[in-house]
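For 14-52, 91-129, 168-206, 207-245, 246-282, 285-322, 328-366, 367-405, 406-444, 499-537, the entry in TrEMBL reads repeat 'HEAT'.
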Amino acid sequence: MASNDKSVDDSLYPIAVLIDELKNEDVQLRLNSIKKLSTIALALGEERTRSELIPFLTETIYDEDEVLLALADQLGNFTSLVGGPDYAMYLIPPLESLATVEETVVRDKAVESLRTVAAEHSAQDLEIHVVPTLQRLVSGDWFTSRTSACGLFSVCYPRVSQPVKAELRANFRKLCQDETPMVRRAAASKLGEFAKVVEIEYLKSDLIPNFVQLAQDDQDSVRLLAVEACVSIAQLLPQEDVEHLVLPTLRQCASDSSWRVRYMVAEKFVDLQKAVGPEITRVDLVPAFQYLLKDAEAEVRAAVATKVKDFCANLDKGNQVQIIMTSILPYVRDLVSDPNPHVKSALASVIMGLSPMLGSYNTVEHLLPLFLIQLKDECPEVRLNIISNLDCVNDVIGIQQLSQSLLPAIVELAEDSKWRVRLAIIEYMPALAGQLGQEFFDQKLRGLCMGWLNDHVYAIREAATLNMKKLVEQFGMTCLFCLNMLAEVCGTDITTKVLLPTVLLLASDPVANVRFNVAKTLQKISPYLDSSVIDTQVKSTLEKLNSDVDVDVKHFASEAMAGIAAGM
């Protein structure tokens, strides 16, 4: 008998510990206890988890938000611990309670877990247990429960009977018309995903009127979420239905009094374009795009400017060039001189991508003048975005034309009287060199880089040195010759700390010519190196090169070792 009592005590121990820790004043202890729920459930077994643990948790949902969040997360993975899908309904009560709390993060996690658990129910159990839960949330007194309800429609709807589907559509309509803006906002955010599971006839008869109503809501936070739903709805409807059911609302959103709504339209514009097809794009979206490009708010112009390349790329290929030249480029030209730097920077990041679409002639005639303006812009980010995307133009018009058009502007900036302008070009030089290639760099830009080393401003000389280091990493042997001269200018400290690591890096280059030039460079810069690094780094590198498989590398490494030894 005593043995039986002991086994009962042992089986009760885990739940006793949990209860003690959950009642502890220390939040961290309570949190740790919640995170160990799965272990405790395993110890209790499926039946006792259902009959003791879950009811206990349901009754004690009054805690810090951090603890409730952990609980909502844990319960989403609890189906197997209560006995599998046949017993998943036991998890509904605690999650329903969590879905009504005040803290948004907790509610969202509870809804996420409810969706997971609902998907594990059979169709019959779904109607018996999950749908009533959804209906209770819909008719809850507090807005918190009604906002949570919005997230459950799409997971329930596909698997229930027709009468229940009709009820769910009516409930969703009720939430779209709720007096509380937070509920309407939640309904608008879930409208798109609900639309994807509703039959097409009910999408037209039930959900589109909800969409139109939300898009005209007096709260802009609701209207902007309706824009997201617009994309999903347009993807589901035939073209003719899009034209008369969706487009009027879309036009209204594009000219909405709130800049936040217009911003959302700009953000979703390419998705909308793909959803409605080329004909509606040509007739309706191009004018809307123009409208947004000249919007009064800089945030909207910046958002739509980033879409210029993608919008143009998705135009019908048959009249793509004509639409860009006549309907888009005049507005883009205005944005190049926009008073807001964020707008100009956003445009500069994509404008080069128009070159492949417009071809060589149009690029030279119409785009290059815009690139030149941007290359001289006072905003450094605009200049960097142009220089970083030169390869798009290079592929279309060729390096010769590019150098004739843009190189004079780059040289002009490189020799500008304001040292900060010169500094900006130095910082862009590795990116520019990478875009234009080694041959072009050797012919046109290497002289500039060397000239900066003798600049009268220290900051320019320092930046030029770091610039050379980056160029060596990019071009290897070509810039090793520059480093030989750099050491004379820079002195021991910079040569040791900045130049030497780059030279040593090239010692393992796969090209033999680079490796033997490393040996020659090490010998030439050795007088400008700290004696300690010659012993610890230079000699060990030369010894490695002296055992190279290439004869020339071995020869020059041996010469360098002898030369350094003689000079010490």
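Note that Cβ sites are derived from N, Cα and C of the backbone, with glycine treated the same way.
Unlike curated entries, TrEMBL annotations are predicted automatically.
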Could you tell me how many residues in the repeat 'HEAT' (246-282) are helical, how many are strand and how many are coil under DSSP?
31 helix, 0 strand, 6 coil
Let's see if you can do this one: DSSP helix, strand and coil counts over the repeat 'HEAT' (328-366), in that order.
33 helix, 0 strand, 6 coil
Under 8 Å between C-beta atoms and at least six residues away from its ends: which parts of the chain pack against the repeat 'HEAT' (367-405)?
332-333, 336-337, 341, 344-345, 347-349, 351-356, 358-360, 412-413, 424-425, 427-428, 431-432, 435-437, 440, 444
Averaged over the whole of the repeat 'HEAT' (246-282), what is the pLDDT?
89
Sequence-remote contacts (6 or more beyond its ends) of the repeat 'HEAT' (406-444), Cβ cut-off under 8 Å?
368, 371-372, 375-376, 380, 383-384, 387-391, 394, 399, 451-452, 455, 457, 459-460, 463-464, 467, 470-471, 474-475, 478
Going by DSSP assignments with H, G and I as helix and E and B as strand, what are the residue counts for the repeat 'HEAT' (285-322)?
26 helix, 0 strand, 12 coil
